[in-house]
Amino acid sequence: MRRVAVLGATGSIGASALDVIARHPDRLQASVLAAGRNVDALLELCARHAPAHAVIADEARFDALKSGLAAAGLSTQPHAGMAAIDALVAGDTCDTVVAAIVGAAGLDSTLAAARAGRRIALANKESLVLAGSLVMAAARESGAAIVPVDSEHNAIFQCLPPQDGRAARDIRGLRRLVLTASGGPFRGRTRESLRDVTPAQAVAHPRWSMGPKISVDSATLMNKGLEVIEAHHLFGVAPGAIDVVVHPQSLVHSLVEFVDGSTLAQLGLPDMRTALAVGLGWPERLESGVAGLDLVRQGGRLDFEAPDLDAFPCLRLAFDALRAGGTAPAVLNAANEVAVDAFLSGRIGFLDIPALVEDALAALPAAEAGLDALREADGRARAHVTFAIGRRA
Ligand code: NAD
Ligand code: MG
């Protein structure tokens, strides 16, 4: 029996993870559920999955969680605060952690899981963008196996020879990684035509159903930029050997090219339960509820095109930040989080997102990156962009 902590349980990835877990009551059990602020949604999940522990990150909502669990007659133990999540992950409550908190807020629990040697089904790409070297080093030291569940990295993981269940690194004969991108809802549009797009248009993703932040990231192509950085850390591949190709059908989830000219790819319907089943079950294959891929019924064609870096400069900015190294990716990530939040709440326009990220990268030059320096860079970038948005208003 594998005991699973689902962090970000009330989100889109959390729901997919719990769906897969519930299909395998003989092998998987949700032992810890953690969420940000939504107590009602968390209580509903506790009633359905009966975890031993439930955590609400917002400490002001502890009483609501505690009384709700008692009223429902559940024996689930209530906790509150981000530190409680880290402590549960490090303690004797789980063997596997689904890291699906959104944004840099997921870093501490990902690090705690890596240090504690847990199997990590990693969705929280921002923790690798912010502190990838530190997370990977912690996992190597403790023996924690990181199985990426971001669909592209999960595809690459499946195409590479895995080393003891870990993401393979330093692979002999590897020439390059090719990440596929759906292109998002604005694929094919010019930069000028994107000036007045609304948050509702930006989160209406054509192929994937996801949380609001990653949906906007997909629309700007920042998501693919974050994924390039994520791939660099997971697989130890240099920036020059990572390419991006737009593939609107989202059926080929990524490709791996070897020196002999072979290219391997993983295909499947765009449903995150496949990647989560791999993350939870590897090296075994688990039934996930996802149907097989019928290429004829899917339209009979697979299209590929180059990304438009003029209309979607975030992808270029992410490559720049990765090459600059040090604190630059942390600045990129934090600036993007603040800008996306402002866009979603109607305070800035769509094209302001790349402009604000570029401005933050220019204003806060890359420095050496220990954990304290990375946290400081994250904080300074947030303050810088918040101030820049205030000045515009
Ligand atoms: P979401 O917005 O649907 O869910 C986010 C979850 O994080 C919620 O449960 C929320 O309560 C929780 N949360 C937010 N702040 C928190 C905090 N401070 N402490 C504890 N919990 C907190 O987001 P999502 O789409 O599920 O994405 C989650 C992560 O997975 C992101 O990093 C995203 O990039 C990654 N990811 C998502 C998808 C997808 O298909 N949705 C695909 C690949 C990667
Ligand atoms: Mg992805």
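Each residue, glycine too, has its Cβ placed from N, Cα and C.
The structure displayed is predicted, hence computed values, not measured ones.
Long-range C-beta contacts of Thr10 (NADPH binding site), restricted to its own chain and to partners at least six residues apart, with a cutoff below 8 Å, comprise Ala35, Gly36, Asn38, Ala41, Leu42, Leu45. In this structure, Thr10 (NADPH binding site) belongs to neither helix nor strand by DSSP; it is coil. Under the heading NADPH binding site, TrEMBL lists Thr10, Gly11, Ser12, Ile13, Gly36, Arg37, Asn38, Asn124, Glu126, Gly211.
Reduced to three states, the DSSP call for Asn223 (1-deoxy-D-xylulose 5-phosphate binding site) is helix. Long-range neighbours of Asn223 (1-deoxy-D-xylulose 5-phosphate binding site) (same chain, six or more residues apart, CB within less than 8 Å of its CB): Ala181, Gly184, Ile214, Asp217. Taken from TrEMBL, the feature 1-deoxy-D-xylulose 5-phosphate binding site applies to Lys125, Ser151, Glu152, Ser182, His205, Ser218, Asn223, Lys224, Glu227.
There are 29 other Cβ atoms within 10 Å of the Cβ belonging to Glu227 (1-deoxy-D-xylulose 5-phosphate binding site). If you look up TrEMBL, you'll see Asp150, Glu152, Glu227 marked as Mn(2+) binding site.
Averaged over the domain '1-deoxy-D-xylulose 5-phosphate reductoisomerase N-terminal' (4-132), the predicted model has a pLDDT of 98. Residues annotated as domain '1-deoxy-D-xylulose 5-phosphate reductoisomerase N-terminal' in TrEMBL: 4-132.
Summarising the annotation, TrEMBL assigns domain '1-deoxy-D-xylulose 5-phosphate reductoisomerase C-terminal' to 146-235.
Residues or ranges marked as domain 'DXP reductoisomerase C-terminal' by TrEMBL: 267-383.
For the pair His205 (1-deoxy-D-xylulose 5-phosphate binding site) and Ser12 (NADPH binding site), the Cα-Cα distance reads 14 Å. The binding-site residues recorded for this entry are Lys125, Asp150, Glu152, Glu227, and the Cα of Asp150 lies nearest to that of Ser12 (NADPH binding site). Checking the binding-site residues Thr10, Ser12, Asn38, Lys125, Asp150, Glu152 against ligand 2, the ones whose Cβ sits under 6 Å from it are Asp150, Glu152. Distance noted between the C-alpha atoms of Asp150 (Mn(2+) binding site) and Glu227 (1-deoxy-D-xylulose 5-phosphate binding site) is 8 Å.
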